[in-house]
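Okay, so here's the structure we're looking at.
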Amino acid sequence: MDSPGSPPFLTLTFFTILLVLISGAYSFYLPGVAPEDFKQGDDLNVKVNKLTSTKTQLPYSYYSLPFCRPEKIVDSTENLGEVLRGDRIENSPYAFKMREPRMCNIVCQLILDAKTAKEFKEKISDEYRVNMILDNLPLVVPLAVRRVDQESPPIYQLGYFVGVKGQSVGKDEKYYIYNHLSFTVKYHKDLQTDTARIVGFEVRPFSVKHDYEGKWNGVNTRLSTCDPHTKQVVVNSNTPQEVEDKKEIIFTYDVDFQESDVKWASRWDAYLLMNDDQIHWFSIVNSLMIVLFLSGMVAMIMLRTLYRDISKYNELETQEEAQEETGWKLVHGDVFRPPQNSDLLCVYVGTGVQFLGMILVTMIFAVLGFLSPSNRGGLMTALLLLWVFMGLFAGYSAARLYKMFKGTEWKRIAFRTAVMFPAIVSAIFFVLNALIWGQKSSGAVPFGTMFALIFLWFGISVPLVFVGSYVGFKKPAIEDPVKTNKIPRQIPEQAWYMNPIFSILIGGILPFGAVFIELFFILTSIWLNQFYYIFGFLFLVFVILIVTCAEITIVLCYFQLCSEDYLWWWRSYLTSGSSALYLFLYATFYFFTKLEITKLVSGLLYFGYMLIVSYAFFVLTGTIGFYACFWFTRLIYSSVKID
């Protein structure tokens, strides 16, 4: 029998599995930009990005602080994903020339006033980091801690801190700014052409109170604390630069170039290494083995039990035997009776299909490497665009189910499918964006981008949902394998463990248990400013999630029908969808145990965004469980003889 929305996604699933098997657990790297060759003396454009903090989760543009500025600030072109991430990429006053080291270059002098000193102190207190980019590589600070294998590369921290808090003197805390940057640019040289490609961009920040004799003469002033003529180099912060009103700060930098054996295609490998990759491997394999074991047991029990039931029902010959029989066959006249709020169920199922299609196609692009970190904002942009275009499948699925429920007003269902979920998410997002605006953060979505999102929604997504609904409604209605009685059968009193609330809450534990380990790494990458690029593992976990949602829903649906309770439509959706509740509870646990967020606005942002994620997870897992139960009930009732 035709199942709404299933044929195209079966094809997509098969295609994705094929790609993953070809590419392996780790996705191979297809760069987001073409390599650029530099000759000796070529200018290198160092760009500055946002200031970030894991304590506030509020990004700010680099020039929101009174750092040294170039003559003219030029914004780089940003894609939709970069804008939504709060990236603000601009040119910088740092001037590099390829393979030409520089020592103690003066950038500018800054005399602090009470306002600028307060701004620096606030950012230092909130542990903000400065992010820069060179040849599309982010600036990193190599940490002193090395891995067990001493030959492996060091662990990197994205960006350097604006400054550091010193020891308290009485009631006043001392704040020191990192005003001297020692850059290291690593390059891979082509011996034939004598050109080089950049494969690393590192920095060691120092806080130094620079001294000079005489009057300040701009960038030509000769410093006694950092002088290329006398080879006086900054190697420590014995006399740090304090941040106070009327203090003079001189910003300086060194540039060193190091030849590297790392090839350009592998330059991201060190960035993508995880601190606890062995734990990651062990956890994923352990989760996979447990879920596969449970899946095998569930499948074996279900197949044996169902085979016995169907054989027994088909062997009943006399009417007396049929009347004495109990179990799921007795509710055959009510099992396909349309549920209450069937329109809302159609809307949620259609939205879930939209999510499923978006994630599957995103996985394909991720496995192929098109969503690599070098393509900043690529993942966010892909998710948004795929969500919009998957509206076609959402409308089709919702309309097919709606027509099966004997519905006639397909336009109303199409409109609700196109508007309901995005409207709820947009309302939450608008409130969160207003909070970000109030903090004057660069993470606030500009009005122009807001209009672009509205256009994607109403200009593309809504029409595609209507087109899909029209096509789906024009197809013949899905026929039930058994006839539905006119008078509903009375449902007998149920055992305590078959109580709807209890069984729904129990049903969400297993799907959440299959993904919570990977969820830890995803939350860490989002909220602790780390890279996540193990899409092969992520796909395996997603497959485990689909299988687990389907199996737990089928098992509980079977027990429900055996108890002569035929109200399975909504319960099948809520059973696997309840895993979203555990996801939100885990996000709450993660907030209090792993994050150091203390500000109210930052906490509201965290829980607001995690509420959106949990809601989306509910729609996705609920739809998977619903279709599994839908297929299961049609299969078993079409396998028995009904008099």
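Note that Cβ sites are derived from N, Cα and C of the backbone, with glycine treated the same way.
Listed in TrEMBL for this protein:
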| type | residues | note |
| --- | --- | --- |
| SIGNAL | 1-27 | signal peptide |
| TRANSMEM | 281-303 | transmembrane segment |
| TRANSMEM | 345-371 | transmembrane segment |
| TRANSMEM | 377-399 | transmembrane segment |
| TRANSMEM | 419-438 | transmembrane segment |
| TRANSMEM | 450-473 | transmembrane segment |
| TRANSMEM | 494-527 | transmembrane segment |
| TRANSMEM | 533-561 | transmembrane segment |
| TRANSMEM | 573-592 | transmembrane segment |
| TRANSMEM | 604-632 | transmembrane segment |
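The highest tally of CB pairs under 8 A with the transmembrane segment (533-561), across 345-371, 377-399, 450-473, 494-527, is held by 494-527. When Cβ-Cβ distances below 8 Å are used as the criterion, the transmembrane segment (450-473) is approached by residues 4, 80, 350, 384-385, 387-389, 391-400, 402-403, 410-411, 413-415, 417-419, 422, 426 of the same chain, each at least six residues removed from its ends. The stretch from 345-371, 377-399, 573-592, 604-632 with the most CB pairs below 8 A to the transmembrane segment (419-438) is 604-632. With a cut-off of 8 Å on Cβ pairs spaced 6 or more residues apart, the transmembrane segment (494-527) and the transmembrane segment (377-399) reach fewer than 3 such pairs and are scored as not touching. Stretch with the most C-beta contacts under 8 angstroms to the transmembrane segment (377-399), considering only 345-371, 573-592, 604-632: 345-371. Outside the transmembrane segment (604-632) by six or more residues, the chain places 3, 5-6, 57-58, 345, 348-349, 351-353, 355-356, 359, 421, 424-425, 428-429, 431-432, 435-436, 507-508, 511, 527, 545-546, 549-554, 557-558, 568-569, 572-581, 583-584, 587-588, 591, 595, 597 with a CB less than 8 A from a CB of the stretch.
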